[in-house]
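Student: Take a look at the following structure, please.
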Amino acid sequence: MTVLHSVDFFPSGNASVAIEPRLPQADFPEHHHDFHEIVIVEHGTGIHVFNGQPYTITGGTVCFVRDHDRHLYEHTDNLCLTNVLYRSPDRFQFLAGLNQLLPQELDGQYPSHWRVNHSVLQQVRQLVAQMEQQEGENDLPSTASREILFMQLLLLLRKSSLQENLENSASRLNLLLAWLEDHFADEVNWDAVAEQFSLSLRTLHRQLKQQTGVTPQRYLNRLRLMKARHLLRHSEASVTDIAYRCGFSDSNHFSTLFRREFNWSPRDIRQGRDGFLQ
């Protein structure tokens, strides 16, 4: 597995924060690093496989990656990221207690993926731009300023994620996308879903396509297929059982969609013919 080292990314040995844009981010194999990072998805779509679990990411997704996590990007489509790198929560010169603002693992569950709306994403970009402007400065005031900006970024992300509400359609769409991650195997009636999230059906279709690049049903199918591929690689369940568990009522239809999406059959994936290393 590829290991990325801080010496290749941080501008100096005493720098606590670094900005690493990926515009765009191509498919990238599984790796980990000796530093932490906050991945901010600017726009585009892709699959982020985080510690073996697949997540669909789009503009407004924020991922918190620790130094012992492993992850990869695949199935990317104009995926543009900004990575905010930091050595460790306790490696700041002027800040303490940052770990309390970061996602906390509870009972083995780590909430690594958050979502923010478009207006928050704009504020995030402004903070990141200010950090970038000061990257070449190593004096104490500049170091303190960068660390304060990093603290502001964490506060903004935490507050925005905790207070995601139904005030506007963009926030409601974010909640809908999070709901789909948890209910991908359910029978989805888009009229009922639109009503549940106080969106008109037309608005749901338009905004979801703007956000993900595909229609709602195509997005749902892709989500189901990603979950199915994960189960094919990491479980002993039959192809038919996996199809049903991921929301497909017809295993033949599932196999057709699967091959169309990945250019491999479910059996190929089960046998490791796609070259994936378990």
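Glycine too: its Cβ is placed from the backbone N, Cα and C atoms.
Features from Swiss-Prot:
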| type | residues | note |
| --- | --- | --- |
| DOMAIN | 174-272 | domain 'HTH araC/xylS-type' |
| DNA_BIND | 191-212 | DNA-binding region |
| DNA_BIND | 239-262 | DNA-binding region |
| SITE | Asp241 | site 'Interaction with sigma-70' |
| SITE | Asp250 | site 'Interaction with sigma-70' |
Student: On the three-state reduction of DSSP, what should I expect for Asp250 (site 'Interaction with sigma-70')?
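Tutor: Once the DSSP labels are grouped into three classes, Asp250 (site 'Interaction with sigma-70') ends up as coil.
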Student: Let me check the 10 A CB neighbour count of Asp250 (site 'Interaction with sigma-70'). How many other CB atoms are there?
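Tutor: The Cβ of Asp250 (site 'Interaction with sigma-70') has 12 Cβ neighbours within 10 Å.
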Student: Rounded to the nearest angstrom, how far is the Cα of Asp250 (site 'Interaction with sigma-70') from the Cα of Asp241 (site 'Interaction with sigma-70')?
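Tutor: On Cα coordinates alone, these residues lie 10 Å apart.
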